[in-house]
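Since the structure comes first, as C-alpha cells, the remarks are kept for the end.
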Amino acid sequence: MKPTTSILALLLPAISARFVQETDGDHVQLHPEVAEAEKFHIELAPGETRWVTEEEKWELRRNGQRFFDITSTPELGKTLRSQSRPAAVFPSKLSQQDAVKPLLKKLAKEPMQKHLEKFTSFHTRYYKSEYGRQSSQWLLSEVNKTIADADAHKHGVHVQHFEHSWGQNSVIATIPGKSKSTIVVGAHQDSINLFLPSILAAPGADDDGSGIVTTLEALRVLLTSDELAGGKLENTVEFHWYSAEEGGLLGSQAIFSTYEKQKRDIKAMLQQDMTGFIQRTIDAGKPESVGVIVDYVDPALTEFIKTVIDEYCDIPYVETECGYACSDHASASKAGYPSAFVIESSFDLSDNHIHTTDDKIKFLSFDHMLQHAKMTTAFVYELASTDFKKLENESQGMSEL
C-alpha cells in the first residue's frame, strides 16, 4: 500500500500555537513560534543517509522502504570494519546428527501456539507504548520460566533485559559454553501498525510473533540437552529478542554497538523474522519452503545454513532477497559479524497482512513454524559444537598451500 497523502500529516499539525509578547515602550510584536518536529538520521543504503521526521519514517515504511535509524548509533561498524579480518569459516560438513535428531523430536506446536496467543493479545507491541513495555516484561518472565523448568540456572544459564530509553527493552538469554565465542539467534518482539502506531491495534502474529515463539521453542528444547545446557560445548549461545526493529533496527543496533565496543567474539548470527505464513506460496502452486536470504548476508554462513536445512528440515529452501536493512541481522553485519536471515518463503510471497490489524494467528501454519524451529535448533547445536580456532587454522593452512 502506497498512500500519497500522509494520514498523520492531516491529523497532527506541526505548528505550536504559543505566542510571545515583547514590549519596548509603545512597540508590541507578536511572534508565532514554530515547533520543530524531531528529526532522525536514517541510512537507506550504504552511505546514503538523510534526516527525516518520525512521520516521514512511517511514510517510507508504508512505501516498502527499509532503513537503519542511525541517530544514536552513527559509529556502528567502524571499529571492526577498520580491522583486517579473515573471511568467516564454517563447517563444510555437519557432525552432530546423533545429538540433534533426538532433540528435534521434542519440538512441539502446542507451546508455540500457546505463546503466540498470549503475545498477540497485547493491543500492540509498538516499542514506545505501554503495551510494548508490558509485552517485553511478559517475554522476560516466560524465558525465565523456560530456564527454570529445565533447571538450567544451576549451570549459569540466565536471561536479562537489555535496557533502552524508549520503554520496551530487548531480552537476551545466555547459555555459557567452554569459550566466550558466541552463536546468536535473533527475532524481534515489537509490532507496528504503520498508519497510527500509537493508536491502532498491531497483533503482529507473523511479524514477528512467529519468530519469537519459534526461537523460544528452540530454546526450550535445547535446554533439555545436558551437553549444551551444562556448558560442555565449545561456544556460548545467546538468544536475542530485539526491541524496536520496526523503528529502524534500533534495539539490535544498540546491542551490536555495545558488543563491538566490548570486542565480543560473535561467530554467527541467525535472524528469524516471520516464520509462519505459507498461503501465497501454496496459492502460487509452489512447494512449501523456507526462504534463505542471499543479499546483504555472510555468504559462508548462508551456505552453512543451506546444509542445515537439507539435513534437518522436511522441506526445501529457496534463495530470495529482501534488500538493505530488512531485519535485525543487518545490525550484526554492519558491526562486522557474520549474519544470515531465513524467512518463511520467497520474499515476494511472504505475508501481506503485516503492519496492520490483520496480522493474525488464523493466517499462519504452526507446522511451518516447526520447520523453522528444527533449523534453529540444529543451527545452534552444530555451531555451539564447532571448534572455530581449529577450523580457522585448517582453513589458513589450506590457503597457504
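Note: Cβ is positioned from N, Cα and C throughout, glycine not excepted.
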Cross-ref Swiss-Prot: Zn(2+) 1 site ASP207, ASP273; candidate in list HIS188, HIS240 matching that site is HIS188
Checking Swiss-Prot, the member of HIS41, HIS355, HIS368, HIS372 that binds Zn(2+) 2 with ASP207, GLU246 is HIS355
CYS326 (disulfide bond) sits from ASP273 (Zn(2+) 1 binding site) (Cα to Cα, rounded, in Å) at a distance of 10
Quick note, CYS326 (disulfide bond) and HIS188 (Zn(2+) 1 binding site): C-alpha atoms separated, nearest Å, by 12
Sequence-ordered list of residues in the chain of CYS322 (disulfide bond) that lie 6 or more positions away and have a Cβ within less than 8 Å of its Cβ, or none, is ARG66, ILE293, ASP295, TYR296, PHE341, ILE343, PHE347
Around the Cβ of ASP273 (Zn(2+) 1 binding site), other Cβ atoms found within 10 Å total 27
The recorded positions listed are HIS188, ASP207, ASN393; by CA-CA distance, the one closest to ASN144 (N-linked glycosylation site) is HIS188
